[in-house]
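A short write-up of the structure that comes next.
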Amino acid sequence: MLLLPQGPGIATSRALRKLASLTLAVLLPMGMALAATDTQQIERGRYLARIANCAACHTSEGGKPFAGGLPIRTAVGTIHSTNITPDAGSGIGAYTLAEFDRALRHGVARDGKRLYPAMPYPAYARMRAEDVAALYAYLRAEVAPVTQRNPAPQMRWPFSMRSLLAVWNVLFVDDDPVRTDPARGAAWNRGAYLVQAVAHCGACHTPRGNLFAEKGLDERSRRFLSGASVEGWSATNLTGDQVTGLGAWSRADIAEFLRTGRNGHATSFGPMSTVISTATQYMSAPDLDAVAAYLKSLPGARGEDKPFRHDADTARQLRQGRFDVPGARQYAVFCMPCHGADGKGFARVFPPLAGNPTVADPDPASLVNLLLDGAVTARVGTAPADYHMPGYGWTLDDQELANVLTFIRGSWGNRAAPVPEAAVAARRKALAAQRPAAAGDASR
């Protein structure tokens with residue numbers, strides 16, 4: 001065997017190889033850990049984007065995901081949602097994390113323009129920094145860039161003056177993180193964070209004042225989540241009121257409704273069906289329970305402490321063919337096959353009308369919409385078959401519809417106010433203006 005001399009060059013080479021191996025052994029796990037961290041952050045961002053329902057507002061009908069363009073009609077004008085894809089020219093592709101945070105939590109775009117609070121930054125202002133970073137990472141890494149410039153807001157003066165929003169923010173936006181109450185459990189605190197910030201429930205369910213600010217941002221205000229009017233719908237009272245709120249619902253009832261769009265008390269319709277289909281059905285079981293725990297802790301905003309009691313007298317009259325009360329005959333023909341003579345419906349398919357918070361709501365707007373145009377339940381993975389309620393605007397006139405609604409709101413123990421014909425006529429006109437003239441299914 002020939003032995004080669006081991007000069008300094010060979011020794012150095014071996015030393016370098018050992019150093020390289022050692023460096024690789026140290027850096028490879030670090031790189032894998034960083035990659036795992038990035039993946040975890042992106043997946044967290046994906047989850048947050050879903051439960052915050054970003055796509056629902058930032059995707060127009062038939063449009064590309066997150067490219068914006070959806071018209072949002074308000075009392076003072078129309079706003080089109082923005083493009084939040086990572087396109088550098090028309091989206092957020094050029095945004096730094098700090099600029100994204102400023103837009104999301106403070107309502108200021110990269111170019112310095114103030115955003116209108118139709119984008120619920122008053123709620124997002126209370127999000128945690130790590131969640132903002134996760135959302136940013138997801139939108140940048142996983143969403144396909146789309147070049148799409150959307151229409152500018154069309155707002156009436158003085159609301160067209162965006163500089164006024166700086167004053168509005170000082171008056172109405174609280175950018176302190178959602179407070180943690182050490183006296184409450186982990187579920188309650190998690191639920192408070194989700195309801196107040198990420199899921200921005202108050203944006204629809206809290207009434208607004210003359211300057212369009214929510215009248216409460218958390219449980220310290222009795223107006224928080226007490227119900228509100230949104231784009232012609234009445235968003236339900238989510239406080240503990242026994243009749244018009246969630247006082248009769250258990251935590252399991254609330255979680256089931258948010259997961260499936262139905263439970264033994266109610267079935268989703270209108271905008272809430274969209275929220276459930278695109279957002280809340282994807283909440284984890286612990287998060288659903290956390291939201292329910294928080295909502296169940298809210299005292300009733302309207303002081304309703306007596307539970308609903310069913311009255312069987314209406315059912316007896318309907319079964320005997322007695323239609324003395326206006327609206328009773330129309331109810332028997334159009335409504336009773338699904339909702340029953342007793343108004344109890346069929347659980348998780350056709351909702352009860354007796355004791356239903358929407359029926360008891362002082363604002364009958366949602367009921368008027370349902371009878372005029374019908375509704376569809378949420379489509380979710382656990383119950384992919386959705387149910388359609390037909391509209392009756394094409395066959396019943398305004399007075400007949402008002403009579404049916406008044407009958408429902410005053411039967412089986414319900415004690416809600418009558419619905420005037422004028423309310424039906426006004427809503428029919430508004431709905432007709434929002435659809436193509438050829439549709440005409442509620443134009444009587």
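Each Cβ is built from the backbone N, Cα and C atoms, and glycine gets one as well.
Annotation comment: TrEMBL describes Cys54, Cys57, His58 as heme c 1 binding site. Its Cβ placed at the centre, Cys54 (heme c 1 binding site) has 21 other Cβ atoms within 10 Å. In the three-state DSSP assignment, the secondary structure recorded for Cys54 (heme c 1 binding site) is helix.
In sequence order, Val195, Leu225, Leu238 make up the list of same-chain residues 6 or more apart from Cys201 (heme c 2 binding site) whose Cβ falls under 8 Å from its Cβ. Taken from TrEMBL, the feature heme c 2 binding site covers Cys201, Cys204, His205.
Positions annotated as heme c 3 binding site by TrEMBL: Cys335, Cys338, His339. For His339 (heme c 3 binding site), the same-chain residues lying six or more positions away in sequence with a CB closer than 8 A to its CB are Gly345, Phe350, Pro351, Pro352, Leu353. When secondary structure is read from DSSP and collapsed to three states, His339 (heme c 3 binding site) falls in the helix class.
Among the features that TrEMBL reports, domain 'Cytochrome c' is placed at 40-143 (among others).
For 186-299 (among others), the entry in TrEMBL reads domain 'Cytochrome c'.
In the domain 'Cytochrome c' (322-412), the DSSP tally of helix, strand and coil residues is 37 helix, 8 strand, 46 coil. The feature domain 'Cytochrome c' is assigned by TrEMBL to 322-412 (among others).
Under the heading signal peptide, TrEMBL lists 1-35.
Taking a C-beta cut-off of under 8 Å and a sequence gap of six or more, His58 (heme c 1 binding site) has these contacts in its own chain: Phe66, Ala67, Gly68, Leu70, Ser81, Thr82, Asn83, Ile84.
Taking the mean position of the Cβ atoms of Cys335, Cys338, His339 as the heme c 3 site, the remaining residues of that chain whose Cβ falls within 8 Å of it are Tyr331, Phe334, Met336, Pro337, Gly340, Gly345, Phe350, Leu353.
Shown are the binding-site residues Cys57, Cys204, Cys335, Cys338; of these, the residue with the fewest other Cβ atoms within 10 Å is Cys338.
A helical conformation is recorded for His205 (heme c 2 binding site) in the three-state DSSP classification.
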